[in-house]
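I have placed the structure first, in the form of structure tokens, so that the comments after it can refer back to it.
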Amino acid sequence: MAKRDYYEVLGISRDADEKEIKRAYRKLAMKYHPDRNPDDKDAETKFKEASEAYEILADSSKRAAYDQFGHAGVDGQAGGGFGGGGASFSDIFGDVFGDIFGGGGRGRTTRGADLRYTLELDLEEAVKGKTVKINIPGHKECEACDGSGAEKGSRPETCGTCQGMGQVRMQQGFFTVQQACPTCRGSGQIIKNPCKSCHGQGRVRQEKTLSVKVPPGVDTGDRIRLSGEGEMGVDGGPPGDLYVQVAVREHSIFTRDGRNLYCEVPISIVDATLGGELEVPTLDGRVKLKIPPETQTGKLFRLRNKGVSPVRGGPAGDLLCRVIVETPVNLTKRQKELLEEFQQTLDGNNGTHHAPKKTSWFEGVKNFFDEMKF
């Protein structure tokens, strides 16, 4: 049986934020938790399904993989959520809803936030790949206070509310729930004399330069993950990740559709009529394109393997050239006379032979009006 869409399971939209995801999961967890539905297999299944969906969507990197590749992108990464459905209410409230007082649930450390950066590339760069340097805003440990957040000569003090534990217990009905301390916001410490350089944060802003290796074949919407290059963690927590989102600029000649490239090639009325040969551009250089006689405007010519090689491997696409027969402009009097003479040679008994589409079109129009009886 195919898995349901995780967003559908939680009943949220695909652009839901972290709070909406938590709120939706809390509602389902309270409704279907095994502690409240003993011996109810259907409720247990729904609880596990909701827990699995929450585990993926609450993790930014797993969510990004799921958004791009669906269930195939996260197979094996979902553990069923909170130990496969065996977690207690206290675990759920501590892990998911511990921010009621503005802090984390059980951990004293906080993972750094993920960052996103839009990288604009030319089509040639996206197709061939390259290494680019980007500058992103970030943080580093404050040197003035060595990351403590306290002014030199002072230090953080143990929080009197939680006695340095960073957590307090509160009663909710029949359950005792462990929450982040509202006084110290889960840190276990109080800074009475904050550092003037970092305002008690223990870190200051610093721009950093990173090298991003862009693989060949990327397209608009593709994302490159740089693990550990996001915001620094709080209180020794791990850093977040940086997601580089690719945006390919419009090209003056080519348009892209997956692996294939398209371009328009103008040809003269003479080349279209008599045939000829011309050079067309590709991303690998110029190639010869043979135009057969009696070519009509809009005809597509396919150049095999002159498109884009997929970023995840596989054969290259094709380049499709659509010819546009140009009508001559700015003609001299003599040129117009020659065209009129040429037109006279096409008229007469053999006129339909030289313009079959035109003849069939006029016949179709005539039949249309005859049927409508105008």
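In case you wondered, yes, glycine gets a Cβ from its N, Cα and C as well.
Annotation source Swiss-Prot lists domain 'J' at 5-70, citing sequence analysis.
According to Swiss-Prot, the zinc finger annotation covers 129-207.
Among the features that Swiss-Prot reports, Zn(2+) 1 binding site is placed at CYS142, CYS145, CYS195, CYS198. Around the Cβ of CYS145 (Zn(2+) 1 binding site), the same chain contributes GLU151, LYS152, CYS195, SER197, CYS198, GLY202, each under 8 angstroms and 6 or more positions distant in sequence. Taken residue by residue with DSSP, CYS145 (Zn(2+) 1 binding site) is part of neither helix nor strand, so it is coil.
Among the features that Swiss-Prot reports, region 'Disordered' is placed at 216-238. Sequence-remote contacts of a segment are chain residues at least 6 beyond its ends whose Cβ falls under 8 Å from one of its Cβ atoms, and for the region 'Disordered' (216-238) they are 61, 64, 68, 107-115, 119, 121, 126-129, 136, 138-141, 187, 202-203, 210, 244-248, 256, 258, 308-312.
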Tally every other Cβ atom lying within 10 Å of the Cβ atom of CYS142 (Zn(2+) 1 binding site). 19
